[in-house]
Structure formats: C-alpha cells, structure tokens
Amino acid sequence: MPATQSVADRLLDKKKTIKKERTGKLVVYTCAAIIILTTLAITLFLVLRGIQAFVADGVSPIQFLTSLEWNPSRSAEQGGPVYGALPFIVGSFAVTILAALVAAPLGIGAAIYMTEIAPSWGRKILQPAVELLVGIPSVVYGFIGLTLIVPFIRENVGGQGFGLLAGMIVLSIMILPTVTSIATDALRSIPNGMRESSLALGATRWQTIRRVIVPAATPMLLTAVVLGMARAFGEALAVQMVIGNSRTIAESLLDPTATLTTIITLNMGHTVPGSTENNVLWSLGLILLVMSYLFIIIVRFLSSRRRFS
Amino acid sequence: MNKRWTDRLATSVFTMIALVIVAVLAGLISYIVVRGFSQLDLDFLTSPPSSFREGGGIGPQLFNSFYILVLTMLFTVPLGLGGGIYMAEYAKPGKVTDFIRTCIEVLASLPSIVVGLFGLLVFVQLTGWSYSILGGALALTVFNLPVMVRVVEDSITSVPREQKEASLALGITHWDTIRTIILPAAFPGILTGVILSAGRVFGEAAALLFTSGVTTPRLDWANFNPLSETSPLNVFRPAETLAVHIWKVNTQGLVPDARDIADGAALVLIIAVLLFNLVARLLGRYVHKKLTSAK
C-alpha cells in the first residue's frame, strides 16, 4: 500500500477496492483450482498409462499380480516374456513392515520420552536431532547404507550384505523421525488434566503412560506409524542402493530382493516408451499410486477415531 | 516397591531410546563429515565430473541443484501462498473444501518416484521438452506444493483473530486485510517454512531421475544466452543435480574414485541441509523478534 493513500482514501474509493478484491479472490481461487487439477491429472494420467499393459498389450492382470516370474526378455520358444510382479509387491510390503517393526517402538518411545519424561535439556537435544534426521536426503541414507551397513552385514552376519536386512535398517532410520515427530504431536495433544488426575490417584509415571496416555493416544500413534510406512513403501533410491535388486522373493533377511520402486527406478530409463516392458513398469507405478491412496484411507479411518484434537 | 521399580525401569528404557536416536544422528553426521572432509576443496566444488578417469568434481551438479531449487521456489511460493490463503481465508466448510483438503493430502503422500513418473509423462513426453531443468522444477513444484500450502495455512491461522477483525472493523476490505495485515503477521512462519522446504527440495532425487535426467551437457560458463544449448542458464537442457549424482556414481560406478566423489558430494548435501535448517531457525527467530517486539 503506497504511503500516500490514507485509510480514508481506501475506504472511499469503492470502485478500486472492489476491483482489487475481485482480482485477489480470482488469484487465490486459481491457486486452489491448480491444486485440484494437479491431483486429478496425476491420478488420471497414471491410471491411463498404468492400464496400457493390460488393455493394449494383453498382459493378464491376474498373472501380473500373482506370477512369481519376471522375465521380460524370455524368448518366444520358451513361452515369451512374462511379467509377474508378485516378488516386487512382496518385497515392498516386507521391507515396509520390517522397517515399521523397528521404527514404531523406537519412534513412539522417543516421543514418550520427549513429552513425558525428558528434562527440558533432553528435549532441547532430541527435538533438533529428530528434525535434522527428517532433513537428511534419502540418497545420503542410501549412500550410508551402501558404504557402512552393507559391508558390516557382509562381514558380521553373512551373505552378500545387499538384501532385506540392509533395506530394513536404512528404511527404519529414514522413517524414525517421521514416526517420532507425529507421535510427539499426538502425545502433546493429550489434555494435561488426564496426566494430573492419574498421578493424583497415586499412579506412577509409567502407570500413567501405559494405562492412560498411550491408550488415549492410540489412534494418533497408529497414524504416525502408518504415515511412516507410507514413506517407506514409496521410498525409491535409498532402498535401491542396498536391497540387491534380484527378481526373486527373499527367503531370509539376508537374501537380496527388489521392491516396486527399485524396479521402476532401474528399468524405466532403459526400456523403449510404448513397449510392453515399459508399459508394465507404469503398471507398477499404478500400484504405488493405489497404495498411497490406501494409506490415506487408513489414516482417515484412524483420525476419525481420535478422541482429542 | 514393585511399582516404583517398574517405573524406574520404564524411565531408563525410554532414556535409552532417546540416547540411541541421538547417537544414530551423531554417528551418521560424523561419518559423513569425517569421510567427506578430505574431499572438499575448491577444485572439487567447481570442476566438472569426469566420466571415466579419477579426479572429477561436482561443479555443474552443484549449480544445477541451486538452479532447480530457485526455479522450483519461483513456482511453489506464489502457488503455495495462493493455496494457503484460500484454505485459511476463503474456504467455507463443505464438500469443496473437503475435496481440496483431500487433494493436498494425496499430493503430500505421493511417493516422490510417482511424482517423477507423472513428470516424465507430462513434462518430458507430452510437452516434448525431453529431459529438462524446467520439467524437473515443475515436478518438484508438485512435490513441494502441499507442504507449502500447509505452512502458509498454519502461519495464517496462527495470526490472532483480533488483528484481522480490527482491520475489517475499520472498513478495510478482506483482500487488503490479507495483504497488509495478515500476511505480514504470518511472514516469519511462512519464511521458515519456505527455507525448510528448500532443504527438502535440494536433497530430492527420485522425482528428478525421470524429469531433469541424469546427465549434464558440457557447459560454457561464459555463455549467458538462456537459449543456447551450452548455456548453464538454459532451462530446456538436461541437468543432473547433486543428489542424483550421488545415486548415479554409486550405482553405475564408471569412475574409479566413485566412492570419494560420493563422500564429498554427500558432505556438501548435508552441509546444505544443515545450513537451510540453521538459517530457517535464526531468520525465523530474528524476523519474529523484529515484527513482534517494540523497536
């Protein structure tokens, strides 16, 4: 606002203000419309591209989802190429669930420590630590996994080093801060009166945490874990660097395997756009999209059950 | 004394967990710093990478990272401001608002590789730009937009209601109130959010693999014509960023000193993220002080 224009001017110049009001509204509404359009466009484009393999190339969706064999270059004499995505689907779920099994107790534990136990200096160290962990780029996690965790596993546990275990460790460190920060918010939103009433009844701090605070916050704590899992499921490069990328299902923690994201990462650039092999990769992308919608539905369901907000 | 004992046990378990997390962070950062420190020198930061021999640098990658970051912010900040203002000021409770909220949620939870695939489809194939900086920046805009909208909305809603009402009561229109009263008051929060999300964009790689590509053409640093193929400023050239470079030298290691390059590049990336974090905190605190306390 130019300094020459007084408040009175602004109030009296109706025509100008109405015009500005309209322009402003238009700009803001356009931004909102762009958000909607982008979301719809992503969904539409990826669905259309993802079903190409089934519609245009005749890949059987059932075989795609259930077959264990992924061999796009198999010769015609041997029965032609097969596109079974099950190993990658299993790989994605396995690594996600394993990472959550590590990160959930640690993350929630850290959140409880931060909200219920820590002296103020403890919080002052842990809070920035968690925020910094969120900020570390995923390729750096992958790089650390590749140069530190993989050799460590190879020398001390056995196997090649590349595999499910390495993927699990890298991903659990990656999603730990996500889980911690959301769980911290959840615990902070529990009204203080509940803590005080419980302590006033003679309960110890641990009893209060276990019987009062955690049950009250359960839906929100689960939300934290689910959001962490969503992150793990979609993570591409860090996992790709450590998981070994074999096309088979891992039989033990030390076996290499692959996930949906790693196969897309590795092959999208090397296949010819429009070929069946390329189209099938888009179908893998479609699975990722569907899964992220599913995670949202789960989060919605959980947050509808939360009791405090 | 059983229950007192379990209480103490629980306390020590939680303390242990906290210590483990801090130790992991300290371990990770010192590992990167110790490994990468010997790599960092001016030559490494400015010279172009070599494809087969030792001794390549990360100059073009570093430039590309910042260039894409600036472009992304150029798109994200106005869009995010508009979207955030809409959500905080104009959205009426109802189906449309719920729908937009769902859209933001969907965008925020999309894996970055899916955003990359969308970018490949739209900004690379449909537009015919092939791999380009512009495509990469637009994909990162999609990736960053939901964060930006939320930051703006949160900052605006945390502005005291009275401040807004006082302005409206003076007869100032809604838009002028937003522009002259609400946005300045929300500015520190928005600024902090912008800087933090810049850190996120700087380290992002998966969305860029398929949009800005994994190569950088030979650049002529004296060429400032943005339409020329060898100009660093050309937005239609492919560009490999620092994060993508780390991934590439590790997985397709054609250079013998891939490990050293990755060490150095990872350190640069971490320093950048730490800097963004620190600047966001300090600047946020400074602006907050400047705007709230008496002069």
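Just so you know, glycine gets a Cβ as well, placed from its N, Cα and C.
In TrEMBL this protein carries:
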type: DOMAIN; residues: B:62-280; note: domain 'ABC transmembrane type-1'
type: TRANSMEM; residues: B:12-34; note: transmembrane segment
type: TRANSMEM; residues: B:66-87; note: transmembrane segment
type: TRANSMEM; residues: B:99-123; note: transmembrane segment
type: TRANSMEM; residues: B:129-152; note: transmembrane segment
type: TRANSMEM; residues: B:181-202; note: transmembrane segment
type: TRANSMEM; residues: B:264-283; note: transmembrane segment
Are there three or more C-beta pairs under 8 angstroms joining the transmembrane segment (B:99-123) and the transmembrane segment (B:181-202), sequence spacing 6 or more? no
Counting only residues 6 or more past its boundaries, what in the same chain has a CB within less than 8 Å of a CB in the transmembrane segment (B:129-152)? 64, 67-68, 71-72, 74-77, 79-81, 83-85, 87-88, 104-105, 107-108, 110, 112, 115-116, 118-119, 123, 186, 189-190, 192-194, 197, 200-201, 204, 207-208, 211-213, 215, 234-239, 241
Which stretch, B:12-34, B:66-87, B:99-123, tops the Cβ pairs under 8 Å count with the transmembrane segment (B:264-283)? B:12-34
